[in-house]
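Presented below is the structure to which this report refers.
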């Protein structure tokens, strides 16, 4: 039975939530929970849709036009547990309408103008626990056929036309009834006969709500010896006299909770005399609540004398002329003062008080010390209070305090380290302004503290020992504060038992790698609304028991280059929504991980790309790996192409003149040479070339036409082009005049390198080396290739003597004639016995 109640209680709020989160079309209704819950509200239905599954447990048909409910109208839904028929203009309910609904626990008929309700209308409801018949034109409980509903716990018939409080005899068949709501009916008088059934069959757990009934009279002795769990009388009386008389009529009642007063928007009493409550001396009350009463007249010193022995007293929006009524040492254990017009904080001295709630009293700004030696629970929320030197046992007059709530107040200066308050288990400062929290380890003595909330307290955390001493802490909430350099340091060293940590809205940009190393018991971590740029899984690896991680509303683009499997194994809920994801191939691994972890990620469908622009506001799940494969291929081909072009370009640039030479060889390869030799020399040696080389070769027999740059190069053409086209291509031989100046000239070396290529490409080409002067080997070795050639090949060496000259010119002419085609006239003066060339050593 209890299981059905729990299911109904869970399904009712679930409808509102899930209808927003998981709704899908189930024409014409909305499927809230597949095969379980369906919402058919405001669809202008005249009958129940045929396509609702037989397994449905919760069905909302409110605001339709069903009008007439016939026999076995809902027999197609034997599993139904909650049925809402609010405002369906139902006028007739026949016998056995709900027959077959053996599991139905909640039935709501609110707002139906019922004209005909058959005696067997509710037959078959063997498990019904809650029946709501608000605004159903009910005029008497005698006409309501519910006597057989033995499992009924809650009956709500408020806002009807019931004139009599007489409880029918069938109430003796409702042993489980716990709540009867008769508020806002037409009940004026209550007589002994009306509650006779309660004398015969006590309903000890029954709570009655008679608010907003125009009560004029309660017969004395009506409730004598009756025990009730609760009675609510709010906005019932037109005058203080009527209220006083009716309270006196309650004499003899034993009640757990009595509520008197008015509603905020339903005020009837113009004044309140302290004598009104004198009748309470004849009642046995455990808990008393009085609400929305003001303009007390007379001295209120004895106002609560008849409530001296109650355990719980609650004052809601009560305007007391002075505080004298609260200054006596009553036996109260629980006192609530909510939104009352006090000018200053009450100086209480209640030796038995264990729980004190003093909230929403906006006119009080200063705190007054009080003496409450038994106090364990203190709630001072929303009072605009300021504290200087908070907190110690001297402030509250007790060393037994376990719960302290100072949230939503003004400035609280922590000048003490909670001396004498070592038993504290719950401490809440949220939305108050904390000062001096970084001065020292203010929580050092709170080794029993389980819950700490310093959210939105304008704290900038600098001191790393701020949480020293909190070895038993389970929950820490510190949202809305800031850290030095926007870095979360290692400040949780001693919090080894922490299970819940809230760091949201702390403007965090970085987290120290060891920040969470001590939190081996952590199960819930909220890092939302910060400025984190990446999902660093290594941070959370030590959190072996972590189940819930919220990183939403950050600036996360991707995960760091880590193994995403480092996330704790127990993690079942990860929120990464509202981040700046970069849906690019560079982060392909992370994006694929998002797709693979849809069950772990909350709202994975709502994870949107922030860049690139063509994917902005597109779902992360829409990213395709194939795009990256194509991109990789394109990039690879492009890179290879660029490399090849670059290499070719470099080679062409480096060997440009060699290529020109090659092209020229093909062009001039078969033609006659214009020159016998192209002379390569240093400008420093030009006198020797003109006076010796040119004179002896061009004027000698046979004559040899030489190609000289100063004479034969074409003006306006690049030097390199002249060297190749006029020098090498039109000459049979190349004469290289080697000297110290030659070796030091870059142009000479360049011409020499081209000459080597020319010799390689042309089969008839030849290079004749003339060493003009003795060369130092150290200088010659600077040109490795030239040194190697002179070491391995013959060359001519100039000697300025008669014999040396004769031998030099004879050998040079012979070298120039080698490979030259024979003319018809022959070469009569060609040498026939050339002397061997010398070889350098």
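Keep in mind that glycine also has a Cβ here, set from the backbone N, Cα and C atoms.
Marked as topological domain 'Extracellular' by Swiss-Prot: 24-632. Among the features that Swiss-Prot reports, disulfide bond is placed at 29-40, 281-306, 390-391, 583-609, 585-628, with the record citing similarity to another entry. Summarising the annotation, Swiss-Prot assigns repeat 'LRR 1' to 55-76. The repeat 'LRR 3' feature in Swiss-Prot is assigned to 103-124. The repeat 'LRR 4' feature in Swiss-Prot is assigned to 127-148. Annotation comment: Swiss-Prot describes 176-197 as repeat 'LRR 6'. What Swiss-Prot records for 205-225 is repeat 'LRR 7'. Positions annotated as repeat 'LRR 8' by Swiss-Prot: 352-373. Positions annotated as repeat 'LRR 9' by Swiss-Prot: 374-395. Swiss-Prot lists 423-444 with the feature repeat 'LRR 11'. Swiss-Prot lists 448-469 with the feature repeat 'LRR 12'. Residues annotated as repeat 'LRR 13' in Swiss-Prot: 472-495. Per Swiss-Prot, repeat 'LRR 14' is recorded for 497-518. As annotated by Swiss-Prot, repeat 'LRR 16' applies to 545-568. Under the heading domain 'LRRCT', Swiss-Prot lists 579-630. The topological domain 'Cytoplasmic' feature in Swiss-Prot is assigned to 654-841; the stated evidence is sequence analysis. Per Swiss-Prot, domain 'TIR' is recorded for 673-816, and the stated evidence type is sequence analysis.
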Quick one: of the disulfide-bonded residues 29, 281, 306, 390, 391, which has its CA closest to the CA of residue 628 (disulfide bond)?
29
Out of 390, 391, 609, which of these disulfide-bonded residues is nearest residue 40 (disulfide bond) by C-alpha distance?
609
Using a Cβ cut-off of under 8 Å, list the residues of the same chain at least 6 residues beyond the repeat 'LRR 11' (423-444) that approach it.
381, 399-415, 417, 450-463, 465-470, 477
Please report the number of other Cβ atoms within 10 Å of the Cβ of residue 390 (disulfide bond).
24
Residue 29 (disulfide bond) versus disulfide-bonded residues 306, 391, 585 - nearest by Cα:
585
Reported as an integer number of Å, what is the Cα distance between residue 306 (disulfide bond) and residue 585 (disulfide bond)?
78
Does anything in the same chain, at least 6 positions from residue 583 (disulfide bond), have a Cβ under 8 Å from its Cβ, and if so what?
591, 609, 611, 612, 615, 618, 620, 623
What's the CA to CA span in angstrom from residue 281 (disulfide bond) over to residue 391 (disulfide bond)?
39
I want to check the contact list for residue 391 (disulfide bond): same chain, sequence separation of six or more, C-beta distance under 8 angstroms. What comes out?
404, 406, 414, 416, 418, 421
If you count the other Cβ atoms within 10 Å of each Cβ, which of the disulfide-bonded residues 40, 281, 306, 585, 609 comes out on top?
609
Taking the Cβ of each of the disulfide-bonded residues and counting other Cβ atoms inside 10 Å, which one has the highest number: 29, 628?
29
Three-state secondary structure, residue 583 (disulfide bond) (per DSSP):
coil
According to DSSP, which kind of secondary structure is residue 40 (disulfide bond) found in, if we only use helix, strand and coil?
coil
Could you give the Cα-Cα distance between residue 585 (disulfide bond) and residue 390 (disulfide bond), in whole Å?
56
Residues of the parent chain within Cβ reach of the repeat 'LRR 7' (205-225), under 8 Å, 6 or more residues beyond its termini:
158, 165, 177-192, 194-195, 198-199, 231-238, 242, 245-246, 248-254, 257, 263, 266
Residues from the same chain, set at least six apart from the ends of the repeat 'LRR 8' (352-373), whose C-beta lies under 8 A from its own:
330-346, 379-387, 394-398, 400, 410
Going along the chain, which residues at least six beyond the ends of the repeat 'LRR 16' (545-568) come within the CB cut-off of under 8 Å?
499, 504, 520-538, 574-582, 586-587, 589-591, 593, 610
